[in-house]
Amino acid sequence: MASRFNPLKADAAWQKAWDDNRTFAARDDSPKPKSFVLEMFPYPSGRIHMGHVRNYTMGDVLARYRRMTGHEVLHPMGWDAFGMPAENAAMERKVHPGSWTRANIATMKAQLKRLGFALDWTREIATCEPDYYGHEQALFLDLLEAGLVYRKESAVNWDPVDMTVLANEQVIDGRGWRSGALVERKKLSQWFLKITQFADELLDGVRGLEHWPDKVKLMQENWIGKSEGLQFRFKLSDGGEVEVFTTRPDTMFGSSFVAVAADHPIAQSLATDNPEVQAFIERCKQGGTTAAELETQEKLGFDTGIRATHPLDASWELPVYIANFVLMDYGTGAVFGVPAHDQRDFEFATKYQLPIRRVVSEGSQTAPEFHGTEAYTGPGTIVNSHFLDGLDIADAKREVIRRAEAGGWGTGTTVWRLRDWGVSRQRYWGTPIPIIHCESCGPVGVPKDQLPVVLPEDVSFDIPGNPLDRHPTWKQVDCPKCGSPARRETDTLDTFVDSSWYFLRFASQPSDQPFDKAVAEQWLPVGQYIGGVEHAILHLLYARFFTRALQHIGKIDVAEPFAGLFTQGMVTHETYKSLDGRWLSPEEIRKDSAGAVEIASGDIVTLGRIEKMSKSKKNTVDPEPIVDQYGADAVRWFMLSDSPPERDLEWSENGIEGAWRFVQRLWRLFDGLEDAQGEDKDLDRRLHRTIAGVAEDIDALTFNKAVAKLYELTNAIERAQPSASRNTAIRTLVRVVAPMVPHIAEQAWAEMGGEGLIADAPWPEVDPALLVDDEVTIAVQVNGKLRDTLVMPKGAPKDQVEAAALGAEKIVRALEGNAPRKVIVVPDRLVNIVA
RNA sequence: GCGGACGUGGCGGAAUGGUAGACGCCGGGGACUUAAAAUCCCCUGCCAUUCGGGGCGUGCGGGUUCGAGUCCCGCCGUCCGUACCA
């Protein structure tokens, strides 16, 4: 045996062995229990980064462990390959988005392979290939047929220079992020998916997901934003009506004004012949939408002079304002104000000297006069409200809704924050929407036997706009219904559609349909899904919706695609700044005892915050040279060490060095195996405790704890005298570390004469008898302070433990002759003497 | 503002209400070596110490308990999400 583990040789050899044996190809027909382990598939941006390495290492440990515990594991990998960066690259470097993307995939696939991930590459998919997006087009048509897709005019952010639609995130201070041009609101006909039809289901469903982080569940709940209340009409003094929505119908008798949004029809119609109203509306539109601005922005109102009649008291009139804080796209775009019990209304009423009337008791305060400095929104009894007096808030709500419905002036309603999902994108590098627009037939779905609608290759990116739209022939087709000349839809689908069903395609990929129902159902739901928390809302909500929509149309009998979700932390690194404020990369600086200096200039470098690795801050560390230097196992081990997986992990030179040292320590143990006799009961126990503990930790994804336990076992083995027990411990250790450091484990397994590949070996069995000690250390406290410890046989009777504790020399001294007043004995743990 | 998470040595972090600081990193001392690297051994929360042991310690202030890092109440701070949601 070699004296040192050489990852350069071993990594490649074992990766080849796994490939040659198709070790990680999942078998649909396996009789074993199935386990679907999935990490969010990457966007092929060019190179793997440390975030990928951490994410895929975690999933890999779980996948390998599941295999060892007798599961048939599906652990696939693919590419979320459509999207803007490819088009940007096309514009900047004159490369076709397809060749750019495919080259990136090739690079990144090779990089992933070097990390030795137990991936089923036979199921690799790239969303930019027709044999993926063609099936997506079929699903789109199915949803269209089922009425879950519709077309609607909708306002978008339009960049007039790049001639493209921008996502909200791409609009910075009202300007396009690339062109810098002022962004316009433009109305376009767009395709929408009816996610709102599933709002209730999605809300109920997310609450039932036991193995999701509460944080993500809460974010989704807030995003869906269910509000139950009353929608009702006010009659107006100008003969019209205004519809408002409230979640607090119980406070009807506390209202003192009605307010409508600046773009509400009432405001708009007043503006046509009233310059004052026009000016006010203009003023509302100014003012930013950033957090800071909104917080400080004043509540502004304009009294229209119109009066609204209170629906429960015809003699009561309320002024109608136009107000800057009312949003047209939520509820009805109009509200009624109850200043005493809503903070926003309170501020408005204070400013415009409107009545503030208490209608909910606050402790003993029940008088209508309200003297607080802020609105009271807590619980209480309804007061000063005629027939509602004495009811609690919930009952009063029900009563008002009942009367509104009986009287025909309002209805109990649920309002959602969630909007339907607009999926049209005016871009080239996406799934073509399989629709043909015909002058006489309207939009017609492309017949399924003509799918896929393939992106044309001969496109140019030298001028702005959508290359599909200006392609000379691509959009010219005949209507599939009537045969007359028609126009192909030139919009493509939002890339979030691509990632909304890829897990189904991983589970089953027949050529003639998107997936086979029965086969996919064997694998789904994904048992453990792992990815970044940045996808907590959009991707995870869209994928959940898409699965439910497919269930709705009978394509699959699964409601929730991801049974378990884990959101891992980021990989971070120190940042460095030069004297003149430039970001510096780790390679550009040198650290010494005095601090850090810039190598090129010798100038002092400022150490910045520890931040997520990003190109803009130049604090990235490319994984590939690190793998070259230390091998895959050390990199994997470091990714699992120290930081709890949900928290950020700081990349450090010392950390990877430590991981490298550990890999070599393992090798010395494996390599130094020699015949020895005799039993070492302590080591036996420690081994079995470690097997059980590491198993538990991997199941719970608390890899940092598993790592600590493995260090402890390794320390113990190193210190132990030669014995048969020690040899067993070393042989067993190989299997226990195998999911984390698979290459060295295979090498050791082979050299120890293990059968087959360790990737196929079973997880070592735990002997329950060895999990319990015969002796325990019992802490002895006096008045809660530790004074001594006793070693006692496990399960020693209470009185015996108490006697031993009271007899101990240190305890006698600590008691200073005082008689114990009380003695608490916790079996096998501690004795506390109260003196 | 609202919602959430978190706050433990020089650092990353362990700890079913029961011996706080496991494990790793950094640091110090020693062994091996001509020397270095590698490796191995010892020390390493703070304070004072007669070297037996002692006092103080989990953001701050209270409380519950025989016993609180852990539970409860009130503050302070950091990070994340969200944005006038009626």
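One-based numbering along the chain as shown.
Including glycine, each Cβ sits where the backbone N, Cα and C put it.
Around A:K615 (ATP binding site), there are no C-beta neighbours below 8 angstroms that are at least 6 residues distant in the chain. DSSP assigns A:K615 (ATP binding site) to coil, not to a helix or a strand. What TrEMBL records for A:K615 is ATP binding site.
The average pLDDT computed for the domain 'Methionyl/Leucyl tRNA synthetase' (A:40-171) is 93. The domain 'Methionyl/Leucyl tRNA synthetase' annotation in TrEMBL covers A:40-171.
Look at TrEMBL and you will find A:221-404 tagged as domain 'Leucyl-tRNA synthetase editing'.
For A:418-574 (among others), the entry in TrEMBL reads domain 'Aminoacyl-tRNA synthetase class Ia'.
Counted with DSSP, the domain 'Aminoacyl-tRNA synthetase class Ia' (A:609-652) comes out as 17 helix, 6 strand, 21 coil. As annotated by TrEMBL, domain 'Aminoacyl-tRNA synthetase class Ia' applies to A:609-652 (among others).
Among the features that TrEMBL reports, domain 'Methionyl/Valyl/Leucyl/Isoleucyl-tRNA synthetase anticodon-binding' is placed at A:680-799.
Feature annotation from TrEMBL assigns motif ''HIGH' region' to A:42-52.
Taken from TrEMBL, the feature motif ''KMSKS' region' applies to A:612-616.
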Against which stretches of its own chain does the motif ''HIGH' region' (A:42-52) lie, if we need a Cβ under 8 Å and a gap of at least six residues from its ends?
79-81, 83, 85, 101, 104-105, 107-108, 111-112, 126, 532, 570-571, 613, 620-624, 651
DSSP tally for the motif ''HIGH' region' (A:42-52), helix/strand/coil in that order, comes to 3 helix, 0 strand, 8 coil
